[in-house]
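One structure is given below, encoded as structure tokens.
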Amino acid sequence: MARKTLRARRFFSLIFPFFFITSVYAEQTPVSAKTVTVEAKNETFAPQHPDQYQSWKATSEQSAREDALAEDPRLVILWAGYPFSRDYNKPRGHAYAVTDVRETLRTGAPKTAEDGPLPMACWSCKSPDVARLIQQEGEDGYFHGKWARGGPEIVNDLGCADCHNTASDDFAQGKPALTLSRPYAERAMEAIGKPFDKAGRFDQQSMVCGQCHVEYYFDGKNKAVKFPWDEGMKVENMEQYYDAIAFSDWTNSLSKTPMLKAQHPEYETWSAGIHGKNNVTCIDCHMPKVQNAEGKLYTDHKIGNPFDNFAQTCANCHTQDKASLQKVVAERKQAIHDLKIKVEDQLVHAHFEAKAAWDAGATDAEMKPILNDIRHAQWRWDLAIASHGIHMHAPEEGLRMLGSAMDKAADARTKLARLLATKGITHEIPLPDISTKEKAQKAIGLNMQQINAEKQDFLKTVVPQWEDQARKNGLLSQ
């Protein structure tokens, strides 16, 4: 009877996301320009919400690192000249959010608060300390400066105050008190006609996840986070938006193409799929209601694979058994993967062929339409593959985007063949050996030994200073 009731509820919901280091970090002190109500220390809420806290803490069990570059060295070529060519691991548990952004080679090895390759915005999805700093300094104040400036401040892992208004009476009374703790996310939702304060419970559940599991870019001199949704959320809409403002994340060092790098667009791809269209939320599948030892229901905060809680997730709506659904999902995942690899092969050739054209004396005017095709092809490929769960969220949309990417890449290569022929080059452009991550990185000129050594020195010297300063300022528990 309970299962029938739950299915009925789901049905109706379907109808209606050491010595050389300077002392600059130790000299930083908190700014108290505004009243701050965000408490970033997650353990503060453990006594009040023990089941939720312990299940959130269990995300530390999701500790395995998967090296995406080692698995697929083509990525190194596609991201040549961009920090992702150095290091790209698949995501793991929320408990590692701060650790992973510190340890990734993409954030470099800054020695001072003004040093390093990336802006403050790169902390934005990693910690409730971000919400605290935005409240304390304002958005302009928070985004100002380099990533390293936030080191002594952003120290607590993604947690309670990222998604809940922990200072509210509702939260104190045990209610969800969901909130968009990032103002830029609130503005983005309004841009697509979904103001958070007017949204229903199911919409709010996914919108909270969509603060971070989303495509974004760094806007203006301050490198502030913005979602490119002004024209809509489809891949073509965002492409049109980026083209209109002549935005690029970087220039590929081989082809000289002004590139776009998709982030993790789960909210967009979920919205385009059957679950999103029927308002089956992120929470329904990744954070189901479960029972504690006393039989009390609570929301499981060990965010993970729905198949790990099949009876509480998939079985609420689907009549198929677990093995049958896993087979369907595996087939869709394989189809996405197979087309992904085919697109990557075309793009790898296109980047090296474009380099050959430049080397042969091609002009900007000759290369412009070709680079535009490469840009659009890789953008569509990237938006599909950067959403790791697209085979589950929107497999048809994933295949559509990859098919479009293949067409654009083929257009680029056809134009390149014609252009190269005018330069007297009619033979196939050879590729270097990129059969491993290490060989691919060498092919684009990365000195990985130096990059890794600098990172290890940073982790041994600078990060401990950050943590000491955070404890001194009461931002971390002793």
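Glycine residues also receive a Cβ, built from the backbone N, Cα and C atoms like all the rest.
DSSP assigns Cys212 (heme c 3 binding site) to coil in the three-state reduction, placing it in neither a helix nor a strand. In the structure as shown, the Cβ atom of Cys212 (heme c 3 binding site) sits within 10 Å of 23 other Cβ atoms. Feature annotation from Swiss-Prot assigns heme c 3 binding site to His94, Cys209, Cys212, His213.
Within its own chain, Cys125 (heme binding site) has Ala97, Leu158, Gln211, Cys212 as residues 6 or more apart in sequence whose C-beta sits under 8 angstroms from its own. Per Swiss-Prot, heme binding site is recorded for Cys122, Cys125, Lys126, and the stated evidence type is sequence analysis.
Marked as heme c 2 binding site by Swiss-Prot: Cys160, Cys163, His164, His301. The local packing around Cys160 (heme c 2 binding site), expressed as other Cβ atoms within 10 Å of its Cβ over all shown chains, amounts to 26.
The Cβ neighbour count for Glu215 (Ca(2+) binding site), using a 10 Å radius and every protein chain shown, is 24. What Swiss-Prot lists as Ca(2+) binding site is Glu215, Tyr216, Lys261, Gln263.
According to Swiss-Prot, the feature substrate binding site maps to Tyr216, His264, an assignment based on sequence analysis.
Over all protein chains present, the Cβ of Cys314 (heme c 5 binding site) has 20 other Cβ atoms lying within 10 Å. Residues or ranges marked as heme c 5 binding site by Swiss-Prot on the basis of sequence analysis: His275, Cys314, Cys317, His318.
A simple way to gauge crowding: the CB of His286 (heme c 4 binding site) has 20 other CB atoms within 10 angstroms, across all the protein chains here. Swiss-Prot lists Cys282, Cys285, His286, His393 with the feature heme c 4 binding site, giving sequence analysis as the kind of evidence.
The signal peptide feature in Swiss-Prot is assigned to 1-26; the stated evidence is sequence analysis.
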Candidate nearest Glu215 (Ca(2+) binding site) in space, where candidates are the binding-site residues Lys126, His164, Cys209, His264, Cys282 and distance is Cα-Cα: His264
Integer Cα-Cα distance in angstrom, His264 (substrate binding site) to His164 (heme c 2 binding site): 22
Inter-residue C-alpha distance, His393 (heme c 4 binding site) and His275 (heme c 5 binding site) (nearest angstrom): 7
Neighbours of His286 (heme c 4 binding site) among the binding-site residues Cys160, Gln263, His301 (Cα to Cα, within 10 Å): His301
Environment of Cys160, Cys163, His164, His301, the listed heme c 2 site - residues of the same chain whose CB lies within 8 A of the CB centroid: Gln52, Trp56, Gly159, Ala161, Asp162, Thr166
Ca(2+) site, defined by Glu215, Tyr216, Lys261, Gln263: further same-chain residues with Cβ within 8 Å of the Cβ centre: Val214, Tyr217, Ala262, His264, Pro265, Ala386
Near-site residues: heme, ref Cys122, Cys125, Lys126, CB cutoff 8 A to centroid: Ala97, Val101, Ala121, Trp123, Ser124, Ser127, Val130, Cys212
